[in-house]
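Quick look at what TrEMBL lists:
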REGION    1-41  region 'Disordered'
COMPBIAS  22-40  compositional bias 'Gly residues'
Amino acid sequence: DVSSPKHGKVDPDNMPHVGGNMWAGGTGGRDTAGLGGKGGPYRLDAGHRVYQVSQAEKDAVPEEVKRAAREMGEKAFKQRLKEIQMSEYDASTYERFSGAVRRQVQSLRIILDNLQ
């Protein structure tokens, strides 16, 4: 079961972590920042294969945990904007322009990776 969202511990060796409730950047777990899990405050990709929990498990997360995760994610987002000296308006403007060309940029990245 989920209890409360948190960032989680950072693995200094960046080993893949699947499931559990401890590591930041893990996959398929609970409560910690990562991918494919449930109840975490925000997505955090450590570059490993993603294991996804079912949508039914995600839907079963209590509303108070979802609310706490959203609040923690929003706080982390605002802190990151402050670190890079970007306002919320700047971020929304960037997202608007970035979103319009996201597929083309991804295609170009694939082409350049293949050329290397």
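Positions of Cβ are set from backbone N, Cα and C atoms, glycine also.
Across the compositional bias 'Gly residues' (22-40), the DSSP tally of helix, strand and coil residues reads 0 helix, 8 strand, 11 coil. Mapped onto DSSP classes, the region 'Disordered' (1-41) shows 0 helix, 11 strand, 30 coil.
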